Every structure is written in C-alpha cells, then in structure tokens.
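Single-structure report; data block below.
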Amino acid sequence: MKQFTSVNDVEDISQLVAAALALKESPYAHQDLGKNKTLGLVFLNPSLRTRLSTQKAALNLGMNVMVMNMDKEGWALETQDGVVMNGTTVEHIREAAAVMGQYCDVLGLRSFPKLISRDEDYNEDFFNKFIQYCGVPVVSLESATRHPLQSLADLVTIKETWKGTTKPKVVLAWAPHIKALPQAVPNSFSEWMCRAQAEGMLDFTIVQPKGYELNEDFTPGAHISHNIDEALKDADYIYVKNWSSYKEYGKVLTYPEGWMLTNERLKVTNDAKVMHCLPVRRDLELSSEVLDGPNSLVIQEAGNRLWAAQAVLKDVLESL
Amino acid sequence: MKQFTSVNDVEDISQLVAAALALKESPYAHQDLGKNKTLGLVFLNPSLRTRLSTQKAALNLGMNVMVMNMDKEGWALETQDGVVMNGTTVEHIREAAAVMGQYCDVLGLRSFPKLISRDEDYNEDFFNKFIQYCGVPVVSLESATRHPLQSLADLVTIKETWKGTTKPKVVLAWAPHIKALPQAVPNSFSEWMCRAQAEGMLDFTIVQPKGYELNEDFTPGAHISHNIDEALKDADYIYVKNWSSYKEYGKVLTYPEGWMLTNERLKVTNDAKVMHCLPVRRDLELSSEVLDGPNSLVIQEAGNRLWAAQAVLKDVLESL
Amino acid sequence: MKQFTSVNDVEDISQLVAAALALKESPYAHQDLGKNKTLGLVFLNPSLRTRLSTQKAALNLGMNVMVMNMDKEGWALETQDGVVMNGTTVEHIREAAAVMGQYCDVLGLRSFPKLISRDEDYNEDFFNKFIQYCGVPVVSLESATRHPLQSLADLVTIKETWKGTTKPKVVLAWAPHIKALPQAVPNSFSEWMCRAQAEGMLDFTIVQPKGYELNEDFTPGAHISHNIDEALKDADYIYVKNWSSYKEYGKVLTYPEGWMLTNERLKVTNDAKVMHCLPVRRDLELSSEVLDGPNSLVIQEAGNRLWAAQAVLKDVLESL
C-alpha cells in the first residue's frame, strides 16, 4: 500500500485481516523491515488508543517513532490557497507537510472534522493536501470522515471471535451522547462492513433514529433500519456508536427513548457480542451492565488496534 | 515484583539498594531483559525528574518507552462507578487502564492528590482501580500518598554516602512553602526510613511544627519531634521537605519562624548532609547557601533516581 | 565540539559542511557512535523542524532521544540568583539543568527571547546558566540571539546547490510580518555568512529598511544596504526573513512598500535561489509565486536541517 486512508486503499481485506492475526501470533517476526525507518505520528487532536497502538506497532516492526502533537507542541496551519497569511495561522500545510516528509519515511495523521461545513469536512481538504504535499506514504489515524485503522481492527475482532458456520449478522446501532460527534467511525465501519458483506463474509445492518442516516456513499448494500427492536433481532454482533446528524449537519437531534443498549435488549439477539471503538460514556451511550458483562468485546477490540496498525505498517513498509 | 507502589511491595530493601548501586556501575549489563518489552509512562500531572529518570532507566534495560501525558494529550477520566457519564469525563478508568495494558508490558503512573477530601486521597482510589483494571505490573511514579521511587533513591543516596561506623541519624525536617503540597514524599520517605530503622540501618527522626504531624500509618517507630533545634542535634542527614497538614487536611497552617535550614542551623549537626527531592524553592524552603554549599546532596540524590528506577524495572521485568 | 551555540564553537566550517553532506549520502554509517548515549531535547518554546530533524539525526546516529517540553509538561524556571522563590517559578535553573545533565549525555535547548529587555536577551543569561549548570555538552536549538543549526543547514544548502565558478552573491533580505519576531535567525545567518565570506566562500550583503539594522557584533564585513532594488542586483541567493528592530528593541517599525519578494523582483537577480528558514507566512513575508516556483529552495533547505544536526551531534559525540 502507498497510503491507507480508507478501505478503498486495500486490495484484499481478507488477506489484511489474516496478516493482522498472524502478527498477533508473531509480533516480532519482521523487525528488519523497519530498521532505520521512521514513522512520524502527527496529531491535530487528542488520541489514546490510536497513538499508543500505532506507536507500539511501529516499534514491533523495528521502526523509530516521532510523535508530534501539532495542537500542543506546534502551531495552527493554514490550508487555504491564495490567502494573505496575516491572521492566526503560522504555517501553510504546503510547507509543513513537505517538511515532515523530509524527516519521516511514513507519516500518520489525525485531523477531526470541524462539524460546521459539511462540504468542507467531506472534501477531506486538509487530509488530501497533507498527502499531496508530504511526499511519503500516509496512514490515516482518523480523518474528518473515516477511521480505517479502527474499522480494520473491528473486522479483525469479528473474524477472530466468530465461531459460527453461517455468516454473522452485524448491526451498527446508533447510541445517545450529549456532544456532537463526527461520523468518521460509523462511516468507516459501514464502509468496511459493506465491503465484507459484498465478499460474502457477513450480513450488515445499520439502525438509527430518523434524521441520523449516514451519507449513502458509505453504506452501499447495507440494510438500513429505524427500528432498534427489529434490527437487533438475531444479531451476532452489535457495534454501538453515537454520531451527529449528517443531514442536519453536525446537529444533535431529538430521538425517542430506548436507544441505549441494555441486557434486556440483548435478549432478542443471538447472544450478540457487543463492540465499541472507545472512549465510551458509561450509562449514556452503553450500559455498564453490558460493558462489564460476558458479551462485551471492547477491550479485545481495542487490543486488536495494535495488530491492525502493524499489518498496515508492514504492508506500507514493503511497498517503500 | 509484580507492582511497586510502596515499600511494602519490596521483600528485601537492602538487596534492592545494592542492585541500584550495582546498576550505577554497569548500566547496560541487562539490555536483553527489556528487549521487545514496552514501558508506558502515564502522567496525570507534570514531571521532570521522574519522567526522564524512569525513561532513561528503561532505555538502559533495552525497553521501549511510550509517554502519555493524559492531562495534555488525552482527556479527563471517570473513576466513580455507577454514574451516568453525561458530564466532563470522557472515558472511565476501567476502559482506559485496560486498554493501556493491551499495549504495554509494564505501566508507570503518576496521579497527585486533590487535597480536598482526605478519605478520597488516602483511599488511593484512582491508583488502585488503575492497577485492578490494567492487568499488567504498575510502577508508581507518585500517587496521592506515596512516591516510592523517590524514597528508594533517597535510601540509595544515604547508603552510597555514609562512611561512618555507627548508624547515621536521619532527620526528616518540615520546611516552609507558600503552596499546599501533598504528603506523598514525606509519607513515603518516612515509610522507607522506618523500615530501614527496623532493620538496623539507621536512626530516624521527624520534626515538624504542631499540626503538621503525618498520618501515623506511615511513621511506625519514628522519633517524632516539634523542636527543630533539638531534632537537628548530631544529625548526619537532614531531609528537607514541605508538606501541608494531614490533620487539617491540605491546609497551610501558621508556624513559628526558624524552619528554613541555613548554615547557622547546620552547626549543631554532625556536619549533616542535606537532601531534598526537588523541585525546591530557594530561600523559601531551603537556603541557597546550603543548596550551593558542600553539605548538599540534592543533585547526586536526583541522579540516583535513575538507578532506583532501573533496579525496580529490572526486578519487575524479571517477574514477567 | 564541547558545545554548539554559535559559529564561534566551530573550528572549521568547511569541514562541518562537508561532514553534513557526507552524512546525507550515508545516514547510518555511524550508529555505533551513539549507542547507549542519550540526547535530551528541552523546549521552552514550540518547534517543528528543529525537533523532528534533531530527533531524527540522533536516531540515525544510534542515540536514544528524550523530549521535554518544559512549557507544557514541566513548570516555570527561575533564572535570577538571590531571590526568595515565593512567586510563580517552581524550580531554579541551577537544579533543573544539573538534574537533566544527570540523565543525558548531550542536551539540546530552545529558549526564545522575551523581546522586552535587549540587555536581558542579548546577555543570553538563561542559555549560559543552563550550560554552566548542566555539566554536559549543549547544542542550541535556538537561543535568544542565535539559531546556529539553521545557519549551518543554510550554508550546507548553498554549498550543495552552487554550481558557479565564482563566489556566489548571498543577500539577507528583510521581509514584512505582522508580529514582532526575534533577531536570532538573521543574527545567526549573518554570523555564519560573514565567517564564510572571510574564508573566501561567498560575498554577503544585508538589506533592510532603516531602523532594522542588526547588532553590528553579528555582521562583521557584511555589505549593509537599505535599498532593496540595488541589493538584489545580480544576487545568486536571497535569504528572506523578517525580524523586529534591534535599535528600537523588539518593535515593529513602519517601512516603505515593496519589501515582499515577487517574481518581478527576481528579474534583477542572477536567477537567484530563494531561501527561508520556515515557518513562512505566504503572501505577507514571501509571495506564493516565488515559494511555489522553480527558484525556491525552502524544502530542500529544511531537509538539510537533518544533516546539519547530525554533523553537529556526530562531532559532539566524538568529543565525549
């Protein structure tokens, strides 16, 4: 791979999942691959799982890692062309990206959406310019509209845990939150699940209150529902996640009661495993009884972030 | 050792001190021990000595190190169970700790007390939950009530410098400050010195103004004094430190003059060596003339933080 | 070298430039040199290029690197002697520097001027005290008055790109900005160019509006001009940079129009290459057409920061 920003950058998702699970068995088998290679991790927003798992993945491969919190250690970047920079931005992304590319063999980048202009966020202007100007492979650590390292780890977790003989039913279920959150995680999860569904690996449903439908570009072939009771029926995996509205962009809309997953709700499922990308707000997005119960996969899923990142970095290193 | 949070986690303190001094002689003798092992250093509060010395100690042992400033790079953690997380906390310590344990073989944690509720601080709720949920060995980088890496370095420094044939007299002497400081350093120092006294290594006295007495759980067998003149008499080591009141919890009480150590005060001692954990406020906590004079051990003591941390990490690695 | 804080610490600048270019050819040829050596990078101000290039340079030499953002991760340092520290400073530089020297074999330090008192800034009090107390070699990552790693990279870039048979004409050209910037970069560039001019390597001119003349200590032998049209005539290299006034210290003075470099202005030059230390404010300090055009060296120049830092660190390691 020359870049990893969405499922579309991956030729064979089954092979990538298999590579991640193989690395989980033999974490240090490819340390020569990263020798004298440097990964720069550039954060414009906070990170816990993504930073630590990607850093550890690179170390496992023998790479050096340099972490740059641009929001804390650096300064504001300009992304628009043709503006006189007499305001608050100190450096243009054209220079900043190109310079980071001078010191790093691979760059990871995290940049959240502003949730103000839908066009601006969904253009992925910042990400695309960074890729254009830095001149080295870029791995997304979450962009305005996608979080593919998370989605790969999710698919790895489903693959690792599914012991059934038929295709599992996977449900992405909207959950309540008090803040307006990006659509990056659900977009990306949907994109990966739709691809897996198209390849016959699973059956995929999205359920959300009216007004919370995702951008259809990310949901080709998904079963779309607004009825939480029906959608969860016979589910094998429930992926719980809040997101703000795409239609009324970035808004938190009113919704009927009953969208927080509880043990009671699990009864209609096929003893479904419960997933969440974390961080999760307990008893708001997801009940403590489910999180602390036997159906929760959230810690195993977070652990698999490491192997997903390592599989991606290994592939990128092999293409250098 | 499976964890290092207090002197009670150490089976043989003499042996640990000897190990630290041996590492000072041969810093790179155990680099295979840390190969492919990762230390995560998690800070909820600022750190200079502890961060750099522990990071360097891990590097000396061949480990990888990932530093996470949760207060700057991350977000606020919830520690209470059973609360609906619709406030300012973004993630529960149950998930955050468990996730960090997925990426690290050993975790170091710093978390200061709030100095509001004595019970809350002395319960060490945050630290205990972190240990409970992370699933890997934890090394304290200073908790609400203890700073054992500092105390071990202090004991190493006494052992390294004492050339007398009898037991040295060690005095922990309260000193003035303008802010309300935790009791972690004096609690921990006292705990280690009481243990050393019980093993016949030294004689230990604590002197402070009335109202500044430490929690008795940390001072078993210590000579307690409120008279600075008497306490310093014939002292071989004076450990200078401010702390806020334990009784009137977290308060800065009034105190009589004469508690800042000067060369004049040193005259009654046995040419006592002077120690302080640093950072120190010059001419408020401790006079510049003492700090810059021949009796000060403060830089050597800070340097020994490295060997103390390395001895602890070596022991933890050997138990993995 | 025992320290690297200005061109005066360098015995032979041609040899250092040659060493940097040799490292660019063979980055990993000296990895044994840094084995078990630790570089501490201490920042009191933000950094992008300097941090990443110096960190990467150290990694190329096999060193370990510990980064300490004192302004974000640490606390305020006291530099004055003889003050009772009952204010906002938490630790004196005497202790802080000495302690960092205990854990690191080499220290890098960045500390900007306050631009309030010219004497205070030009005394380099903070830097000199840090060097005095830390006890290990110090590499400047930019001080109040100089940025020698940048200037070395600049000279490397000129040496690398100059294909003429005569001495190139190098012009340092003041440029507009909305903020009051330090004189460190132009001071340092001038100091290095004056040394190179004295050694017959090039011809050096400084051009600025009236009132913006640099401290003469940094400009021995430079041609000084206030006429941008005349100064740029037949130039081979133009080094564009804003700085605040030295005479009316730290002030942004009024200046006539026409100081921003454009393609039109380049016509009088000898097809001059254009340099800038970055970050640059587009279309305020320097026009986008020049930055994006064929005459710009700014990214190559930033890339050479790596080899400049590596040459300096190699020299310092050889002197340990």
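Backbone N, Cα and C define each Cβ position, glycine as well.
The carbamoyl phosphate binding site annotation in TrEMBL covers A:SER47, A:LEU48, A:ARG49, A:THR50, A:TRP75, A:ARG110, A:HIS147, A:PRO148, A:LEU149, A:GLN150, A:CYS277, A:LEU278, A:ARG305. According to TrEMBL, the feature N(2)-succinyl-L-ornithine binding site maps to A:GLU142, A:HIS177, A:LYS241, A:ARG281. What TrEMBL lists as domain 'Aspartate/ornithine carbamoyltransferase carbamoyl-P binding' is A:2-160. According to TrEMBL, the domain 'Aspartate/ornithine carbamoyltransferase Asp/Orn-binding' annotation covers A:202-314.
Shown here: features listed in TrEMBL, placed on the structure.
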residue	record	contacts (Cβ under 8 Å, 6+ apart)
A:ARG49	carbamoyl phosphate binding site	A:LEU278, A:ALA302, A:ARG305
A:TRP75	carbamoyl phosphate binding site	A:THR89, A:VAL90, A:GLU91
A:GLU142	N(2)-succinyl-L-ornithine binding site	A:ASN45, A:SER47, A:THR50, A:ARG110, A:SER111, A:PHE112, A:LEU149, A:GLN150, A:ALA184, A:VAL185
A:HIS147	carbamoyl phosphate binding site	A:SER140, A:ALA184, A:VAL185, A:SER188, A:CYS277
A:HIS177	N(2)-succinyl-L-ornithine binding site	A:ASN242, A:VAL252, A:ARG281, A:LEU284, A:GLU285
A:LYS241	N(2)-succinyl-L-ornithine binding site	A:LEU172, A:ALA173, A:TRP174, A:ALA175, A:VAL185, A:PRO186, A:PHE189, A:HIS276, A:CYS277, A:GLU285
Hits for chain C proximity (Cβ under 8 Å) within binding-site residues A:SER47, A:TRP75, A:HIS147, A:LEU149, A:HIS177, A:ARG305 read A:TRP75
Using Cβ atoms and a cut-off of under 8 Å, determine which of the binding-site residues A:GLU142, A:HIS147, A:CYS277 neighbour chain B, and list them by sequence position, or give 'none'.
none
I'd like to know which of the binding-site residues A:ARG281, A:ARG305 has the most other Cβ atoms within 10 Å of its Cβ.
A:ARG305
What are the DSSP helix, strand and coil residue counts for the domain 'Aspartate/ornithine carbamoyltransferase Asp/Orn-binding' (A:202-314)?
33 helix, 20 strand, 60 coil
Does DSSP give A:ARG49 (carbamoyl phosphate binding site) helix, strand or coil?
helix
If I take every residue in the domain 'Aspartate/ornithine carbamoyltransferase carbamoyl-P binding' (A:2-160) and average their pLDDT values, what number comes out?
96
Hey, of the binding-site residues listed (A:SER47, A:LEU149), which one tops the CB count within 10 A?
A:LEU149
Where does A:LEU149 (carbamoyl phosphate binding site) sit in the DSSP three-state scheme?
helix
